[in-house]
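Pulled from TrEMBL:
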- 126-150: transmembrane segment (TRANSMEM)
- 170-191: transmembrane segment (TRANSMEM)
- 198-219: transmembrane segment (TRANSMEM)
- 225-246: transmembrane segment (TRANSMEM)
- 258-280: transmembrane segment (TRANSMEM)
- 306-324: transmembrane segment (TRANSMEM)
- 331-351: transmembrane segment (TRANSMEM)
- 357-375: transmembrane segment (TRANSMEM)
Amino acid sequence: MLHLHPCSCQFPSLTKGLEGASEQVENARIIHQRRLSFPKFVNSIDRINTRKNTSDKIFKSHNISKGYISAASSGHCEISSKDGFWKQLNALYQFSRPHTIFGTIIGISSVSILPTKSLADISPTFFVGLLKALIPSLLMNVYVVGLNQIFDVEIDKVNKPNLPLASGEISMELGIAIVITSLIVSFGMGIKFQSPPLLAALIVSFFLGSAYSIELPLLRWKRNAALAAICIMVVRAIVVQFAFFAHIQKYVLVRPMLYTRSLVFAVTFMGIFTAVIALFKDIPDVDGDRDFGIQSFSVRLGQERVFWLCISLLVAAYGVAMVIGATSSSLFSRLVTVLGHFLLACFLLFQAQSVDITSQVSVTSFYMLIWKLFYAEYLPIPFFR
């Protein structure tokens with residue numbers, strides 16, 4: 001009988017198929033054992049896949065895409081950039097010392113009205129002449145206050161840490177660029193407008209503002225209380241009144257120079273007021289001035305004595321203004337000048353009673369009130385006729 005024995009040499013393809021099937025069965029058995037051996041691992045993977053599928057369904061059902069996320073992110077960046085822009089703009093605004101800017105605008109505008117005789121003088125020509133006085137003067141004001149902040153940056157870190165240079169909101173390089181640009185443009189406009197009184201006012205302001213702040217031999221006049229007061233008084237009380245009165249009178253209205261009663265009063269009263277401002281501004285700065293060797297009246301005499309000296313000077317000035325106003329030929333002018341100064345004096349005394357001399361915040365707030373009273377004084381001045 002013939003016996004048949006299967007072998008690899010006789011049926012090679014069949015043998016390989018059987019071996020492959022055996023390997024698959026063995027692999028399946030191993031995988032099954034591993035799944036039984038590590039159920040926690042397998043379950044974790046299953047949960048992850050389930051969550052992924054659920055998230056995909058949620059995104060699809062609500063039409064949520066990456067574009068929305070990108071849009072939200074870009075919107076946030078846009079808001080941040082806008083906030084940064086406004087913050088930088090506010091820093092530049094604070095660098096100009098707004099209270100001095102407002103004082104310059106109100107002062108020059110008020111004095112410019114003094115040469116007018118009737119409403120017919122308030123013409124387009126008058127307003128053009130007023131702008132020619134205001135713009136270069138404001139730029140010179142930025143130069144003066146900016147220069148002071150540059151040279152006082154270390155003192156301001158003690159006395160006025162919120163100022164842009166002291167706080168770091170504005171870099172020293174940008175501060176210097178603003179100051180130089182303001183000076184050049186101011187002088188350029190002063191020369192172009194061909195008004196000698198205007199150009200003279202700019203030159204005097206430049207000289208005194210530089211001498212007040214610059215740290216050089218024979219300069220830095222703010223270290224001396226008398227020289228500091230003289231700088232502020234000359235610019236605010238004399239230069240502003242005479243120069244801009246002459247600018248409007250002779251080079252805008254084209255009339256011969258005549259010094260009016262209201263001009264003389266403005267120079268005298270503002271002389272007293274600016275002296276008070278020069279004294280008062282050092283009261284909240286005693287700590288920094290003492291540390292840096294600046295012998296202001298507040299350092300030498302004490303804050304409280306200087307405070308009440310300033311109040312007494314202002315009350316006396318208001319009293320003189322009421323007496324002069326009472327001699328006016330117009331009833332309306334008498335009412336405005338007498339009643340106006342009486343109310344201002346009462347308001348000053350009332351506010352002074354609540355000031356805490358030991359609090360820098362309280363004294364600084366009252367100092368800003370004095371600046372507001374300074375602006376307010378320019379309202380009744382044109383009525384001294």
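Cβ coordinates are placed from backbone N, Cα and C, and glycine is handled just like the others.
Because TrEMBL annotations are produced automatically, they should be read as predictions rather than curated entries.
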Verify whether three or more Cβ pairs under 8 angstroms connect the transmembrane segment (357-375) with the transmembrane segment (306-324), leaving out any pair fewer than 6 apart in sequence.
yes
Maximum Cβ pairs under 8 Å to the transmembrane segment (170-191) - stretch from the list 126-150, 198-219, 225-246, 258-280, 357-375:
126-150
For the transmembrane segment (258-280) against the transmembrane segment (126-150), do we get 3 or more Cβ-Cβ pairs below 8 Å once near-sequence pairs (under 6 apart) are dropped?
no
Let me spell it out: take the transmembrane segment (225-246), skip the flanking residues so only those 6+ beyond its ends count, and list any with a Cβ under 8 Å from a Cβ in it.
103-104, 107-108, 111-112, 114-115, 133, 137, 197-198, 200-201, 204-205, 208-209, 211-212, 257, 263, 266-267, 270-271, 273-275, 277-279, 282, 295-297, 300
Same-chain residues near the transmembrane segment (198-219), Cβ under 8 Å, at least 6 residues beyond its ends:
132-133, 136-137, 140-141, 143-144, 147-148, 150-152, 183, 186-187, 190-191, 227-228, 231, 234-235, 239-240, 243-244, 247, 251
